[in-house]
Amino acid sequence: MSSNVATRTVRIGSRKSQLALVQTHWVQAELSRAFPDIHFEVSTMETQGDKILDVALSKIGDKGLFTQELEDDMLSGKIDFAVHSLKDLPTNLPAGLQLGCVTEREDPADAMVVHAKHKDKQIDTLPEGAVIGTSSLRRLAQLSHHFPHFTFKDIRGNVNTRLRKLDDGEYDAIILAAAGLNRLGMSDRIHQILPADISLHAVGQGALGIECRIGDDDILALLKVLEHEPTAYRCYAERAFLRELEGGCQVPIGVNTVIEDGKLTLKGIVASLDGQRMITGIVTGLSTEAERIGTELATQLRSQGAQEILDEINTHNRA
Ligand code: DPM
């Protein structure tokens with residue numbers, strides 16, 4: 001499938017949510033600046049994940065929930081590439097598509113937003129029974145470990161919907177990605193950034209992943225200007241770890257990566273949903289060997305029983 005670079009129009013696919021559009025418009029602006037002769041057009045669509053809002057994410061499967069419609073349009077040539085939150089992009093892509101570029105990461109940490117009545121509290125001083133909104137198994141598992149006295153309640157919908165539900169009193173606090181709030185210009189709603197020893201973030205959190213057709217060299221050449229190498233190495237390691245554990249988007253798997261002096265350190269966790277079992281490990285190596293670092297950590301955690309936890313959860317999710 002050839003792209004439309006020859007005609008000087010390149011079509012970008014995006015979900016319709018406010019956050020998706022902020023991200024896609026940033027990509028559009030950066031590329032327009034770098035390639036003023038090309039017209040970058042955004043075409044938006046709703047994905048399954050946007051339409052099904054009354055079911056817990058973990059129950060509706062995870063294979064391309066937020067990406068499949070965009071991928072179909074890429075394969076049929078209706079769009080040239082798609083902008084995703086990297087953490088929503090499955091680690092195994094459909095035949096014919098590739099991860100073309102990873103952009104510079106925002107703060108990858110999780111953030112707590114509280115109801116006004118808890119303005120003077122931190123996560124470790126919220127009262128017994130406090131209702132915490134999240135539909136992430138990863139956040140649920142890690143927070144249950146540290147704060148078994150909280151009550152966890154599912155929450156779906158876009159960021160604005162979630163904040164309204166919190167303000168209306170349905171929850172005492174909710175957990176969101178700091179990156180999403182920052183990109184939406186809502187950094188002031190962040191009450192506390194959760195430290196890594198309380199919550200390891202999701203694979204790819206805070207970075208954008210741009211997906212395109214394999215071998216579409218014209219498009220890949222454009223995307224190169226957006227690539228942020230350190231972020232890419234970190235995310236390749238994180239994604240290799242997740243892929244090797246055969247984890248989808250909805251698994252209690254968390255990570256943390258740092259690069260120092262050309263060395264990449266990947267920390268990972270696989271936790272049971274009740275937070276009772278936590279399997280953690282750490283691997284360091286050259287940044288250029290990111291993938292190997294990821295698979296090595298997966299093997300290490302599997303030898304400590306991570307697979308049993310993941311199998312239990314997969315059985316539970318299918319039930
Ligand atoms: C994935 C998860 C969530 C999103 C699971 C996880 C959070 C679901 C929830 C894979 N995708 O993080 O363990 O809390 O109910 C999503 C968000 C962003 C991308 C919102 C968020 C924005 C941040 C980013 C939803 N996908 O996590 O608060 O670009 O990383």
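Cβ coordinates come from backbone N, Cα and C, glycine included.
Keep in mind that what you see is a predicted model, and the values were worked out from it rather than measured.
Record features (TrEMBL):
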{"type": "DOMAIN", "residues": "10-219", "note": "domain 'Porphobilinogen deaminase N-terminal'"}
{"type": "DOMAIN", "residues": "233-302", "note": "domain 'Porphobilinogen deaminase C-terminal'"}
{"type": "MOD_RES", "residues": "Cys249", "note": "S-(dipyrrolylmethanemethyl)cysteine"}
Mean per-residue pLDDT computed across the domain 'Porphobilinogen deaminase N-terminal' (10-219): 94
Helix-strand-coil residue split for the domain 'Porphobilinogen deaminase C-terminal' (233-302), DSSP-based: 28 helix, 26 strand, 16 coil
